[in-house]
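S.K.: Mind looking over this structure? Questions follow.
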Amino acid sequence: MSVPSAYLGVIIIWSTTPLAILWSSEEVGFVFGVTSRMLIGAILALVVAALLGSGLQWHRRAKMAYMTSGFGIYGGMITVYWSAQFIPTGWISVIFGISPIITAIMARMWLDSEQLTRSRLTGMLMGLSGLVVIFATSFSLHEHAALGVIGMLVSVAVHCASAVWIKRIDAEVPAIVMTSGGLLFAAPLFLLTWILSGASLPDEALSTRTAGSIAYLALLGSVLGFALYYYVLSKVEATRVALLTLVTPVCALGLGNILNNEPLTVEIIIGSLLILSGLATFEFSAKANRIKARLLRY
């Protein structure tokens, strides 16, 4: 598969995932929603890996990568599902828009990647200012919305740390194997969380929307989505992978507004535009500097 095709697939899946997360948890609670998704996803990923002839590899770097991926999946997903109770689903994607900023800082520390130039720092500040606007807007929704924003920031930090550390480990395993290994390590953590929270099953049969959302997230959000994500991660630098979030916030905000009647106020639009403008500045300034450096050679 080409890298551009994988990018497009990740954008589509990530744009629809926030709304599916909410729909999968409304009737059954966020712990059951995320646990059922990850258990089904782990089984499907292992089956797909076996059918493709890509069994799990167990050399030292592979096991380290699986563990890192598993903790990233668990920490990132449990906080997303918890936060989705308190904030509009479009905000999930918007807040994830700051992941290039966090990733760049971590990549600089752990991967010795390119330096943070003045232009990149400007983009970071623009993105952070947009986040401040979003956070301030949360207080006008209800008393718990700010907690949802904080929970999402924790999720972003865990997600970015996992991505950069996987890049550092460089296990050189196929994307579907990385997905299977990560879900295999994460699934017991979700199951343990469900048990500790009371291990309650739904009293009634799941509605079509709830069951469909869980199935969609397990198959596309977990198996295909993670496989495409790790495939892209293995082909390009970590900061470029995080820039997938440049497009998904716009799509997620629109879907949340159209399909779930979520608010789309001027403040939300301004905050989102600041984040996206900051990401664009962050990315294009680096490309401009590379082009300028090439021209100066001649």
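These residue numbers are counts, starting from 1, taken along the chain as shown.
For all residues, glycine too, the Cβ spot is worked out from N, Cα and C.
Any TrEMBL annotation is an automated prediction that lacks curation.
When I checked TrEMBL for this same protein, it listed these features:
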- 8-135: domain 'EamA' (DOMAIN)
- 147-280: domain 'EamA' (DOMAIN)
- 7-24: transmembrane segment (TRANSMEM)
- 30-52: transmembrane segment (TRANSMEM)
- 64-84: transmembrane segment (TRANSMEM)
- 90-111: transmembrane segment (TRANSMEM)
- 123-141: transmembrane segment (TRANSMEM)
- 147-166: transmembrane segment (TRANSMEM)
- 173-194: transmembrane segment (TRANSMEM)
- 214-232: transmembrane segment (TRANSMEM)
- 241-259: transmembrane segment (TRANSMEM)
- 265-286: transmembrane segment (TRANSMEM)
S.K.: Which listed stretch (7-24, 90-111, 123-141, 173-194) has the most C-beta pairs under 8 A with the transmembrane segment (214-232)?
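M.R.: The listed stretch sharing the most Cβ pairs with the transmembrane segment (214-232) is 7-24.
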S.K.: Taking the transmembrane segment (147-166) as the reference, which of 7-24, 64-84, 90-111, 123-141 gives the largest number of Cβ pairs under 8 angstroms?
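M.R.: Comparing 7-24, 64-84, 90-111, 123-141: 64-84 has the most Cβ pairs near the transmembrane segment (147-166).
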S.K.: Does the transmembrane segment (265-286) make contact with the transmembrane segment (90-111) through 3 or more Cβ pairs under 8 Å, each pair 6 or more apart in sequence?
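M.R.: Since 3 or more Cβ pairs under 8 Å link them, the transmembrane segment (265-286) and the transmembrane segment (90-111) do come into contact.
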S.K.: Which listed stretch (7-24, 64-84, 90-111, 123-141) has the most C-beta pairs under 8 A with the transmembrane segment (30-52)?
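M.R.: Counting Cβ pairs under 8 Å, the winner is 64-84.
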S.K.: Using Cβ atoms and a strict cutoff of less than 8 Å, what residues sit near the transmembrane segment (7-24) while being 6 or more residues removed from its termini?
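M.R.: Residues packing against the transmembrane segment (7-24) from afar: 33, 37, 80-81, 84, 89-90, 92-93, 96, 209-210, 213-214, 216-217, 220-221, 224-225, 228-229, 232, 244-245, 247-248, 251-252, 255-256, 259-260.
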S.K.: Using DSSP, how many residues in the domain 'EamA' (147-280) fall into helix, strand and coil?
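M.R.: Helix, strand and coil residues of the domain 'EamA' (147-280) number 110 helix, 0 strand, 24 coil.
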S.K.: In the domain 'EamA' (8-135), how many residues does DSSP put in helix, strand and coil?
M.R.: 104 helix, 0 strand, 24 coil
